[in-house]
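Engineer: From TrEMBL, here are the annotated features:
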DOMAIN    B:691-752  domain 'CBS'
TRANSMEM  B:66-87  transmembrane segment
TRANSMEM  B:93-111  transmembrane segment
TRANSMEM  B:118-145  transmembrane segment
TRANSMEM  B:231-254  transmembrane segment
TRANSMEM  B:266-288  transmembrane segment
TRANSMEM  B:321-338  transmembrane segment
TRANSMEM  B:358-378  transmembrane segment
TRANSMEM  B:440-460  transmembrane segment
TRANSMEM  B:526-546  transmembrane segment
Number of protein chains: 2
Amino acid sequence: MSTEANGEAESQARPLLSSEVSPLAQSTSQVAVVGANLCPIESLDYEISENDFFKQDWRTNSTVQIFQYVFMKWLLCFLIGGIVSLVGFCNNLAVETVAGIKFVVISYMMLAQRSVMAFVVFSVSNLMLTLLAALITAFVSSAAAGSGIPEVKAYLNGVDAPGIFSLKTLFVKIIGSISAVSSSLLVGKAGPMVHIGACVASLLGQGGSKKYGLTWSWLRFFKNDRDRRDLVTCGSAAGIAAAFRAPIGGLLFALEEMVSWWRSALLWRAFFTTAIVAIILVGLIDFCDSGKCGPFGKGGLIMFDVSSTNVSYDLWDVPPVLLLGVLGGLFGSLYNFLLDRVVQVYNSITGKCSGYKILLACFISIFTSCLLFGLPWLSSCLPCPADAEVVCPTVGQAGNYKKFQCPPGHYNDLASLIFNTNDDAIKNLFSKGTDNEFQYSSILIFFGTCFFLSIISYGIVSPTGLYVPVIVTGASYGRLIAMLVGSHSTLNHGIFAVLGAASFLGGTMRATVSACVILLELTNNLLMLPLMMLVLLASKTVADAFNNNIYDLIMKAKGFPYLEAHAEPFMRQLTVSDVVKGPLQLFHGIERVGNVVQVLRTTTHNGFPVIDESPLSESPVLYGLILRAHLIELLKKKAFLSSTEPTGIDVSEQFSVVDFAKKGSGNADKIEDVDVTNEEENMFLDLHPFTNTSPYTVVETMSLAKALILLRQVGLRHLLVIPKIYGRSPVVGILTRHDFMPEDILSSHPALTRSRWKGWRLTLPRWLNPH
Amino acid sequence: MSTEANGEAESQARPLLSSEVSPLAQSTSQVAVVGANLCPIESLDYEISENDFFKQDWRTNSTVQIFQYVFMKWLLCFLIGGIVSLVGFCNNLAVETVAGIKFVVISYMMLAQRSVMAFVVFSVSNLMLTLLAALITAFVSSAAAGSGIPEVKAYLNGVDAPGIFSLKTLFVKIIGSISAVSSSLLVGKAGPMVHIGACVASLLGQGGSKKYGLTWSWLRFFKNDRDRRDLVTCGSAAGIAAAFRAPIGGLLFALEEMVSWWRSALLWRAFFTTAIVAIILVGLIDFCDSGKCGPFGKGGLIMFDVSSTNVSYDLWDVPPVLLLGVLGGLFGSLYNFLLDRVVQVYNSITGKCSGYKILLACFISIFTSCLLFGLPWLSSCLPCPADAEVVCPTVGQAGNYKKFQCPPGHYNDLASLIFNTNDDAIKNLFSKGTDNEFQYSSILIFFGTCFFLSIISYGIVSPTGLYVPVIVTGASYGRLIAMLVGSHSTLNHGIFAVLGAASFLGGTMRATVSACVILLELTNNLLMLPLMMLVLLASKTVADAFNNNIYDLIMKAKGFPYLEAHAEPFMRQLTVSDVVKGPLQLFHGIERVGNVVQVLRTTTHNGFPVIDESPLSESPVLYGLILRAHLIELLKKKAFLSSTEPTGIDVSEQFSVVDFAKKGSGNADKIEDVDVTNEEENMFLDLHPFTNTSPYTVVETMSLAKALILLRQVGLRHLLVIPKIYGRSPVVGILTRHDFMPEDILSSHPALTRSRWKGWRLTLPRWLNPH
């Protein structure tokens, strides 16, 4: 099973069963596909950049190269911003147009009282669109399924799931997202936009494609993990910025939710990227406002107008707002719980079979169509308001007053919400001056529908975001509370809807600062800030008492070895020698080729300690750490010696830095591709110039908690364990992120489980857990 | 000289002369006072919390204590927010009232054409206010001089300058800031507010005062560096939030400019704090708007109304905006250069003498008064606009139309800018619909005056901020550009002023994201975002080509051993053994009391390795690291043994965790306070239970660059160096932040200077420098 071989990829010393990685990985196919081949990336670039060979690095070389690097860095950010904003814009325009045409056709049919025909058109078009999304996702790139945010977040933590940043994934994500969103499924586009942004960034940084000759030598500087991760961070910020036209919100989202390592310089570059997105979007929207983008070009990406006048509120508004927050926390944690379960159930039903997955998607689509078309019949018709500023009922365009089955001069408020894109529904709910537009029953039904549909829609094999559904759902119960509070509050219903959306975002994503700023930028009203903050505080606090945020739950279900920033208390009771296990594979400074090949073929480790023994050194000493990728490169170049004597040949003639550059995502060389003759097997390799001579080390008595802090804070891939008392080998083990997964440690130290669970019980209300 | 003893405080192995710490520290008195007694704090809490004794820590103990900790954590944030917002509000109200009364009196005198009398009143009141600020600063707390931001930034990096967070400093900072700002000096209140916020946070976290019985046992959890630093971060965010009523801006300011270590949980808590500030300020301003805060209660802290309608702009507006950005970069770097020089000149003039410093402050005040009163006479009078919405000329209140020497029905535009508080001047410059209110000459004179006066005012012995002067100066040349561009741009002059302020902030502070958000929150107009970003990008890029940001320059001048996040290229050429120097002081697990006392008395090191030799261990092994503070505590408690045999006495009976808690800033116990009799000197101390058994270690061949990354990323105070080959002592040295200061390393390895300067020359335009 492939998971087994690769799940262990990082672990030097421990035969790790796939079931240990994730109990789910065996039974669930989507998980198995994505969770397989996990290969932690070299987290920061310290490890690779400090062998003798790399010391003659370009960074200290010449002004020209430094200029090239800096120029490219900013150019790439500019390109990321430009491309992501264009994709976001086209995405939005396509959804507005496809869905708009669909709704207009249905609207005309309903006007002509041909409701059966309307239903057939509605459900068939939805089914076709869903099918398109599901087919390309299942057969072209299954890594494009779901939101993408958990994958990008795991990548930024150092977990490189295969194929998440390939060109195929990008293509599927764009097309799939457009068709899924316009198919009336309750899925969003923000998550996919984040993934698209990250994809664009990774592909740009990867330096085009060597296969197709589309590469540029200036891009060689980005062939390392740190620069690529920086680009991906900027890309994910650009994604949110493009989805919501919220540049600061996008920046804060990347900062709060995505990154594991943060630097001040990154803030500045991500800000530049989101600024480019904002500037281009403003230009494009201006262009569309003049009517050049088709009949539906004015929809979407437009800021919601909650209230341009001053928002005034007093102390009496605090209780309903607090209630909203608490409700948001309760609903949010319930939502997370249910979503997690539903995804697991889906995975156990469909298994790995693409056919079943597509069938499931079709079923969900048909079910959604039936529900959406059927529910408005439950709602009673309302007479059109006399002072309506727009035509009522709406004819031939998006609008707040859908006639549906109602008699002339009347509109169906539930249909108005349902037969619009989610963006337009949000706009309806957020808008001021619409306090009497909706009935209790309609809003209640709409809330239930959204809550339910968004949970069952997420897990299908298609790009599906969570942000927009969460906002719609939150806005609907915000409206509900507003109607219950009625005239007891000075706030208008639109503001309650915004606060409801904030509370639900706080309850599910647990993103506070970014959610707040995104909503403020959407509504362009900074005066709402205090209320927004209050509601987010309440909802996050309540929801944290029950479970984790939705992305962490999904990541856990996918079996990503995500490394938390803080150590669990029981790790203080252990030393690193408690988790290191043998046998340790190591190489000598001058190693027989056959040995290297055999070790690389029989293990999947990514790093090996190199030691020097006599005659090179009096007693065995640790020389450093060599990476698998570099060994394979050496074998491919056949830089062999005929004897164990170091020759002193200048390696820089044989190799260039580019040979050791990080390959693009999923393009790493494999040992199976290396052919070595019998004769060559008895030759030798001088590993010294390619060994990182300054690996980070810990003494075997170091507490596990502190070793974790070192691994996490410095962003290491390997940590060498050296003995406390001399006499044995100069290195006793190697630690990787897999050795720090709490579940694995507890399974091999069951005695700690009690203390862990005691710890958990104590801190069961998670908000009591100090972090 | 005190600097010498304490500048070395951290350095185990190297007799560090004060001149090595900072060439300036010897000649400049303000620097010497502040730079003396520098004592890096235990940066993260990992070092102290992992000895045997602390393993029975409260964190794993009981639910009640965890609840206490979490409750206190949020309560403290709430209190910080509440107190800082109240201080900010009172500060503002006091300035508005004091300055308001002064300006009204002068205004009436000018109306009565008694200009000599007006000048006397103006200059004498200014002098008195300046004198008050200077006197309390010089004699009560000299740590309150200047902005305070560099000190807080250094503290958050791990450098604890003495007295910066004392109650005296807080008092001086509040009163001094009010009187300095209202004395018409061109100084701001934002920097002092940041310091005030940090002070409040530190004092609250310190747990009141034991001396006065004002303490609470629940506060014991905060007696460690990490929690205290978290509180100070929240406090500094609250400071900016209160100064500008900009909660998100304050948060981002702390994140971008202040913190060295950032965690996601901190974002959330700082956000809570700034939210409290925002909510309380909204309430207080509402209260004042109803006229209950005296005649000047409506001024200040009110948002600037740049434009409530949509800001529309097109491509033709980009060139002037870019020009603004470039100018901002040029002016900004010039400003930084001049300010740095002026502060140095002041220090060399006044030396350590408080009298000279006060004289200098008085001179600057008189000079400022003369200049401000004299300049408006150069400006010609303008007729009052016919359609003015307010009374023109202004009588008896703050306003845009000061009559000054003009005939009735006319106003003096320069006087309108000068005879107002800085806040009101900014409001005038930022406001829309005032495109014809100012003349070229007046704005030009105002710009020159602000630029010049803010440079000469910063260095005086008084709390002086830089933020507001920078905004005023930037706004004035923004207006100037607007008048030059004239009708070629669709933007109104107020927007140009905002963009000018942004460009100058970008040029001096180099804060991009936070400056942008603060200005957006001040003007409440998110639509200006793209232009603001453009201008900030341009100004920061241009200014970075010349010098560093203003706070870093001031920190450097003060000699703080600030630890940068990235290693300099030449550090890759060195190993840690190149910077470690002997002799190393170490202790044995069971050590003679006399030895401990003698070592503590003769050195100033803060941490000592502990080794075990026979009979405790076959061969010498490193047991761990013990801190000076803990040794002193042991000596004070006289927990002595009569022989070298470990007794197995339970130390937890003799000590409680509180004994080893971090003392308040500047309250550390001193070895001089410990009395040990001759008899006791021959007894023994069992150091084992108090030794941190998991110190971070590096092998002596580790590259210096990577050791720096470890020290910085994990936030360590000490780093033990262990030998590569066994045979000598199990520990060969100890590294602290002082060992990583580039200047010190270069002075002992002059050969590297060439490669460093080569590096510098290569990257002379700093924007070419990859970071």
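Each residue, glycine too, has its Cβ placed from N, Cα and C.
Neighbours and distances for these, please.
Structural biologist: Helix, strand and coil counts under DSSP for the domain 'CBS' (B:691-752) come to 25 helix, 14 strand, 23 coil.
Note on the transmembrane segment (B:66-87): residues 58-59, 174, 193, 196-197, 200-201, 204-205, 218-219, 221-222, 227, 231, 234-235, 238-239, 241-242, 269, 272-277, 280-281, 284 of its chain, located 6 or more positions outside it, place their CB under 8 angstroms from a CB of the stretch.
Counting same-chain residues at least six beyond the ends of the transmembrane segment (B:118-145), those with a Cβ under 8 angstroms from any Cβ of the stretch are 30, 33-34, 98, 102, 105-106, 109-110, 151, 161-164, 166, 168-169, 171-173, 175-177, 179-180, 182-185, 195, 354, 357-358, 361-362, 364-366, 368-370, 372-373, 460-464.
Under 8 Å from some Cβ of the transmembrane segment (B:231-254) lie the Cβ atoms of residues 76-77, 80-81, 84-85, 87-89, 149, 152, 155-156, 165, 189-190, 193-202, 204-205, 222, 266-267, 269-278, 281, 285, 301, 303, 467, 511, 513-514, 517-522, all in the same chain and six or more residues away from its ends.
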Engineer: Do any residues, 6 or more residues outside the transmembrane segment (B:266-288), come within under 8 Å Cβ-to-Cβ of it, and if so which ones?
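Structural biologist: The answer is 73-74, 77-78, 80-82, 84-86, 88-89, 93, 230, 233-235, 237-238, 241-242, 245, 247-248, 250-251, 254-255, 259, 297-298, 301-302.
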Engineer: For the transmembrane segment (B:440-460), find every same-chain residue at least 6 residues outside the stretch whose CB is under 8 Å from a CB in it, and list them.
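Structural biologist: Counting only partners 6 or more residues beyond its ends, the transmembrane segment (B:440-460) has Cβ contacts under 8 Å with 130, 134, 145-147, 185-187, 331, 335, 338-339, 342-343, 346-347, 357, 360-361, 364, 367-368, 371-372, 375, 378-380, 413-414, 417-418, 466, 469-470, 472-473, 476-477, 479-480, 483.
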Engineer: Restricting to the same chain and to residues at least six past its boundaries, which positions have a Cβ under 8 Å from a Cβ of the transmembrane segment (B:321-338)?
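Structural biologist: Same-chain contacts beyond the flanks: 451, 455, 470, 473-474, 477-478, 481, 496, 499-500, 502-508, 531, 534-550, 553.
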